[in-house]
């Protein structure tokens, strides 16, 4: 499989989209990021990352229906695609394997 | 009020809307507003506003990432064979369907292209002048700069003498060889007939330095023997009836020499005709003969009468060579210089230079002269190119205007093409292609046109260009560039406009083209500005030309015949006169020195004055009807007149500063004891062409000066009888001199040949620009009348007269033509003022020139437009209103 490089921030945003499960759009992703990781980033960064993720095929998007909130403006809702899902799982797996390889003493020493 | 407070700053929002990419604007705007509300609740207004601004900035270019556009449909490759075929079909159909429009464009463009082609041909010829020699670019002409004794620059001198060539060639190692080239006249005797021809003398290295191939004869030895001659093919044909004339004998005498005898010269070479783009053109080429005494005489350093050419080593340093030349000159001519100073007082200094051979043709300061021919003024190239550009530009404007104006008709086609998926690039390609097809047609016609008008053009431009010159790699490349440039220039804007139409509007027929259309109006104004500029220029040149040819010259040149006889002695002159006067048709005869003499003398003791030095006799002034305003003419009653009296002209008096000129003394101090008394003053007359100011003139009867020509006044209407008597007498008295007569008034007209040419060229240019502008206007008027058929029909039904409708349709265009004058007149005024400055005697710029030009343009434009307007106005409204 052709691996697409996934940056660290991209990975986090992708995870957020997965966590938010259908409710992910610019605002919620930013808020979740702030809430869960404590990182305060500009909206533009999130916006650009979401577009990039979509270009790479990890997320899909569609415009939601118009509501009375936010002056009738529609939201762009993101969801993780199958490809995105697999990418997340692969990363997870890879990490797992790498953790297995780590000598336990080393870890303890470091934690000291 | 709470909702109001929750609104982020409006100006930031506006910036966002203005700069953020359109396709993500809605979601981003919403998101940011939601975030603002979130920040507002958590951190208050100040924080929220601040964070809002920061985040807005983060989604503005260049930070924001754009969504990739999704291709909604399959985009095929632009060039498809079937599509191309369709383009061609449509193009030919449109062209065939609009015959007026197509022919206007093709005619206009082909005239424009033909003009441009001719000029390219001309320029190529000008630029290629003298470049065909194998030794090019190492051939130079020896020239010099003159400085006053004080060291200020005085003038250029392109002439050299006997010594410069050989001495410099011997002394400067970088000079490979030198050739002296002197123009002369030779009398050739065939049977009993004598004819005079221009001939040249050149050193024997002539054929080594220049690349003039010989058809027969050995170029290395052809000019070695003193009694040999090289003929051009043409001249050999004329003299011997064959070009195979090697070794034949020609009887030759120098026309300017003292000898009366003809001597046999052997033909040692037959040269190919000199190329058209050569400054050296010879029919007779004799060896250069100079006596040992002349070569030994240092005084000959200051005797200038010919051209000398040298060829340098390829890697020679020009500055160094020139410096060495000047060193040689200063050393070698030292004694001669001192003598000159002793004799004439402080002399002007000179510095020798080398002028590239190829530079002569277009050089104004150091022109091709003294036997070198066809020197040209670069101004001529500029003006010709300017006119050609004007014409081509106007033709392109026609194309743009007509295509855009016609586009309404094609709006539906464009709409359909767009609806079925034609992209803008495709449409642009289609329209550009159409303009190229038209251009290609015009190109073909232009080639035909060039072939047709080439003889006329040659005559006007003083060239011998041939159509075969076109087949030159550079020129062909130039023509392709011209073709491409014209196609682009004419087609690009219409392609841009047409491809921009909105299919929804065009297909719903809610399309409106009758907007302001400033571009079209502007282009029409530009066209007519150019045209009226050329009209004014033509009118001015015409009146200046008429002025030059009709101005009172101060003497009467009607009915005066001139014949030349070199070395005419006093006695010969008297016999000739007596013989001529035997015929009662001959009124009077006056001899004069041949050629133009200029010299210097002192007046008022010390002042030096330069003047034209004329040797005449007492009949000269009455014969030419030149009034003597002070004193008296030469007279037989005063025996001393020939040795001690002179007449001068008014300018001389002014220059000398005399209040009472009679009795004043003119001192030729360099000839011991030669002093003359002024006995009369003649009214100024234009003895030179009107392009020159009248200069001081002095008339003498000094017996030592030979006459060279004779003026003969004949009775009006007796030309045939007088001329036959003249010829008989001349041939009887001077059987060995070539007989040739000229009428003085015709000769005077010939002085203005270049003006006559300008006149014709400008006239052609003006006619062509006017013509092309008018066919363009005609096309526009046609389209506008077509567009307004319904309107005209309704107006007529409501009772409008033909006159009022014609006015309605014509007025718009005439307004534009009038507006063009505002731009054309100031520029034209400036241009003709500058041009007239060249003439010391010139017309005043008259308001009438402008009035006539304006009236002419308006009239022509009116006729063009009214033709269509009247046609439209006369149409039957029933027909125009019924048709859908």
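The backbone N, Cα and C atoms fix where each Cβ goes, glycine too.
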Problem - Candidate ranges B:100-122, B:123-145, B:146-168, B:169-191 [criterion: TrEMBL lists as transmembrane segment] - result: B:100-122
Problem - Segment assigned the feature transmembrane segment in TrEMBL (from B:379-400, B:401-422, B:555-576, B:577-598) - result: B:379-400
Fill in the blank from the handout: Students should find that the transmembrane segment stretch in TrEMBL, chosen from B:740-760, B:845-865, is B:845-865
Practice task
Taking helix as H, G and I and strand as E and B in DSSP, count the residues of the domain 'ABC3 transporter permease C-terminal' (B:387-503) in helix, strand and coil.
Solution key: 102 helix, 0 strand, 15 coil
Exercise for the section: Please give the sequence-distant neighbours of the transmembrane segment (B:379-400): residues at least 6 beyond its ends with Cβ less than 8 Å from one of its Cβ atoms. Expected result: 104-105, 108-109, 111-113, 115-116, 118-119, 122-123, 126, 362, 435, 438, 461, 486, 489-491, 493-494, 523-524, 526-527, 530-531, 534, 761-762, 765, 768-769, 772-773, 775-776, 779
Handout entry: Long-range neighbours of the transmembrane segment (B:100-122), counting only residues six or more past its ends (CB under 8 A)
Key = 381, 384-385, 387-389, 391-396, 398-399, 402, 406, 438-439, 441-447, 449-450, 453-454, 457, 461, 463, 465, 469-470, 475, 478-479, 482-483, 486, 490, 768, 771-772, 775-776, 778-779, 782-783
Fill in the blank from the handout: Averaging pLDDT over all residues of the domain 'MacB-like periplasmic core' (B:102-327) gives 88
Fill in the blank from the handout: Checked against DSSP, the composition of the domain 'ABC3 transporter permease C-terminal' (B:764-873) is 95 helix, 0 strand, 15 coil
